[in-house]
Amino acid sequence: MTSYSYRQSSSTSSFGGMGGGSMRFGAGGAFRAPSIHGGSGGRGVSVSSARFVSSSSGGYGGGYGGALATSDGLLAGNEKLTMQNLNDRLASYLEKVRALEEANGDLEVKIRDWYQKQGPGPARDYSHYFKTIEDLRDQILGATIENSKIVLQIDNARLAADDFRTKFETEQALRMSVEADINGLRRVLDELTLARTDLEMQIEGLKEELAYLKKNHEEEMSVLKGQVGGQVSVEVDSAPGIDLAKILSDMRSQYEVIAEKNRKDAEAWFISQTEELNREVAGHTEQLQISKTEVTDLRRTLQGLEIELQSQLSMKAALEGTLAETEARFGAQLAQIQALISGIEAQLSDVRADTERQNQEYQHLMDIKTRLEQEIATYRNLLEGQDAYFNDLSLAKAL
């Protein structure tokens, strides 16, 4: 049980509590407050009898030599009302203190329960998410490296194709040049053929002319022989006659030599030109065959490279599609995980804000409790001081 006692000075004083009321005592008089015994929370409060004491000294520090008038019945009604008011206010204070203590206890229990439910608690295990994310990153990195290798291979294949294309264009230009040379040689061959035909025709003409000359010569010889055989030899002294047979023989010999020489020269020139042309044609034909073989090989190589390039491009497109699909799928998963993390962070922020608000409310309630305890201590000091004052007055009266 807790005991409270009031002590009131002779000067006028007033104080208020949470109930909003006030107590006032007039100067020149004092009363002896009874002992107040109250249980926990203001229950079982009992008040003893009170008596009013009048003093002419009017202060605490003055002597007690003045006359003291006492009366148990004086202002008895006022004392009862005052004490009843004090008892009611004290009971109200104690009831409020008890209610605040209960509310404080309830809040502490709620805060403890909330911390147990919403507090840090057992942390959620995201290790399997981390492992999955790490595996996905490794897969993406591997796919990126593989894609880079494929791109490098494609670039190498493109460079090789460009090189082969350049070689092909060079060989094609060489082939066209060789074909142009062959066409030129063909024109030369045609010209040589025409020249050969012309020479053959000239030879035939010369042969015909030679045959005609032979025939004409034979006819003339026959005529001359007939004329010589039928003539009478007459010897006259004259200049020696011209030997026509010898002249004709010499002319025939000269013509035959000239014709044979022309024939041999023409035949030798024709043979030399034909052999040279055949050699050139053979050389160009061999070179043309080699060029055709190289062109065929290059064309076959180019077709193989084009097929390989198409396959590499198809593989690249497939890998790019797979990479895009993988990035989209794992991007969606990462977005879901990020949304989950954002939701958890929002919940954590709400929990922190709620905790801060409850801490502020708790601090506010603690401040109210502290002020109430200070007021109760003030009442206690007032009661104890009033009791000591009345005890001093009682001792002075006894003396």
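Glycine is treated like the rest: Cβ placed from N, Cα and C.
Model, not experiment: these values are computed from the prediction.
For reference, Swiss-Prot has these:
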- 1-78: region 'Head' (REGION)
- R7: omega-N-methylarginine (MOD_RES)
- S14: phosphoserine (MOD_RES)
- S22: phosphoserine (MOD_RES)
- R24: omega-N-methylarginine (MOD_RES)
- R32: omega-N-methylarginine (MOD_RES)
- S35: phosphoserine (MOD_RES)
- S40: phosphoserine (MOD_RES)
- R43: omega-N-methylarginine (MOD_RES)
- R51: omega-N-methylarginine (MOD_RES)
- S57: phosphoserine (MOD_RES)
- S71: phosphoserine (MOD_RES)
- 79-114: region 'Coil 1A' (REGION)
- 79-390: domain 'IF rod' (DOMAIN)
- 115-132: region 'Linker 1' (REGION)
- 133-224: region 'Coil 1B' (REGION)
- 225-247: region 'Linker 12' (REGION)
- 243-389: region 'Necessary for interaction with PNN' (REGION)
- 248-386: region 'Coil 2' (REGION)
- 387-399: region 'Rod-like helical tail' (REGION)
- S394: phosphoserine (MOD_RES)
Please state whether DSSP places S394 (phosphoserine) in a helix, a strand or coil.
helix
What are the DSSP helix, strand and coil residue counts for the region 'Coil 1B' (133-224)?
92 helix, 0 strand, 0 coil
Specify the count of other C-beta atoms within 10 Å of the C-beta of S394 (phosphoserine).
15
Please compute the mean pLDDT of the model over the region 'Coil 1A' (79-114).
83
I'd like the per-state residue tally for the region 'Coil 2' (248-386) from DSSP, helix first, then strand, then coil.
139 helix, 0 strand, 0 coil
Could you give me three numbers for the region 'Coil 1A' (79-114), the DSSP helix, strand and coil residue counts?
36 helix, 0 strand, 0 coil
